[in-house]
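Asks: This is the structure, below, for whatever I ask next.
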Amino acid sequence: MKNKKQPVVILVGPTAVGKTKLSIGLAKMLNAEIISGDSMQVYKGMDIGTAKVTEEETEGVPHHLIDILEPSDTFSTADYQKMVRGKITEIADRGKLPMIVGGTGLYIQSVLYDYTFTENSGDPVFRERMEKLAAEEGAEALHAKLAAADPEAAAAIHQNNTRRVIRALEILHVSGKTMSEHLKTQKRELLYNAVLIGLTMDREVLYGRINERVDLMLETGLLDEVKRLYDMNIRDSQSIQAIGYKELYEYLDGKVPLPQAVEQLKQNSRRYAKRQLTWFRNKMPVSWTDMTPPVDIEQKKKEIFECIAGKLEI
């Protein structure tokens, strides 16, 4: 019996694995429009550090949820869920196939499953205490506190993202349940006829690509991009918790020399990629394809297209 739910394609994978190029080729084959599955690409002026697709690279394929907020704005998982579900409907109404591409697992999961969020419930005094802890002992100490209490949430949230780390701790403090427990008690049926494809790669090769990508970002103006935000006094905003920005802020603050900041950026990017792979493997029904070079990209594209077409009966 044919699945009557709205078809959606999801392409996930760690940073630097090659999602962007492959997704555009697939979107053209599938008559799809792409929705960003990256929590930081929503911010304007943060192009290089978040590896946003350029106008030329899109090859005419429409992209959504990119450059929609100012760097000073806040953006939650609940906001993402609401926006993306609206975009899925819009795209489908145009007769196109919605395709989410990215690596922010919790955001993508929130769209696909019947998750509800209690964004307004909290404890301001506890939150202030956690903010003080982060300021005095650092983001790593705060993240370690979350890892001890809720390892699953800690795996999904980067230590630089202090706001989300505090929110996860606050949920536990207020309700007595971890964020992971809250999500588990909610309905686990996919809301869409979703095909989830994951790109993976030999870890050492991937780490090498990440290091090269950071070098290329710096060559193409990442430090200037970060300095513009720094000069605008964008400091405590969620956007600056992104990898690449927080590390270079440390340099601009005079706390560390540039080579040390760059090495920290590379290390944080590698650690994030490792967490992304672990999270997607444990949390979502993903069909994986290996992109370790040498690989025939056109052949991979064809194989993935046939997998999607078969599952969606298109």
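One is the number of the first residue shown, and numbering goes on along the chain from there.
In case you wondered, yes, glycine gets a Cβ from its N, Cα and C as well.
Owing to the predicted nature of the structure, the values given are computational and were not obtained by experimental measurement.
Okay, these came from Swiss-Prot:
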BINDING   Gly13, Pro14, Thr15, Ala16, Val17, Gly18, Lys19, Thr20  ATP binding site
BINDING   Thr15, Ala16, Val17, Gly18, Lys19, Thr20  substrate binding site
REGION    38-41  region 'Interaction with substrate tRNA'
SITE      Thr104  site 'Interaction with substrate tRNA'
SITE      Arg127  site 'Interaction with substrate tRNA'
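Map the listed features onto the structure and describe their local environment.
Replies: Look at Pro14 (ATP binding site): DSSP puts it in coil. Cβ contacts within 10 Å of Pro14 (ATP binding site), excluding its own Cβ and spanning all protein chains shown: 28.
Close to Thr15 (ATP binding site) in the fold, though at least 6 residues off in sequence, lie Ala51, Gly103, Ile210, Arg213, Ser269, Tyr272, Ala273, Gln276, each with a CB less than 8 Å from its CB.
Within the chain carrying the region 'Interaction with substrate tRNA' (38-41), a Cβ under 8 angstroms from the stretch's Cβ atoms is held by residues 49-50, 52, 65-67, 75, 80, 102-104, 107, 239, 242, all 6 or more beyond its ends.
Its own atom aside, the Cβ of Thr104 (site 'Interaction with substrate tRNA') has 22 Cβ atoms within 10 angstroms in the protein chains shown.
Neighbour density for Arg127 (site 'Interaction with substrate tRNA'): within 10 A of its CB lie 16 other CB atoms from the protein chains shown.
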Asks: Would you list, in sequence order, the binding-site residues among Ala16, Val17, Gly18, Lys19, Thr20 whose CA lies within 10 Å of the CA of Thr104 (site 'Interaction with substrate tRNA')?
Replies: none
Asks: Over the span of the region 'Interaction with substrate tRNA' (38-41), how high is the average pLDDT in this prediction?
Replies: 94
Asks: For a three-state summary based on DSSP, what are the helix, strand and coil counts in the region 'Interaction with substrate tRNA' (38-41)?
Replies: 0 helix, 0 strand, 4 coil
Asks: Which residues in the same chain, at least 6 apart in sequence, have a Cβ under 8 Å from the Cβ of Gly18 (ATP binding site)?
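Replies: Correct list: Leu199, Met201, Met291, Ile297.
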Asks: Cα of Ala16 (ATP binding site) to Cα of Arg127 (site 'Interaction with substrate tRNA'): how many Å, rounded?
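Replies: Checking the Cα atoms of Ala16 (ATP binding site) and Arg127 (site 'Interaction with substrate tRNA') gives a distance of 34 Å.
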Asks: Fill in the CA-CA distance, Lys19 (ATP binding site) to Arg127 (site 'Interaction with substrate tRNA'), as an integer in Å.
Replies: 36
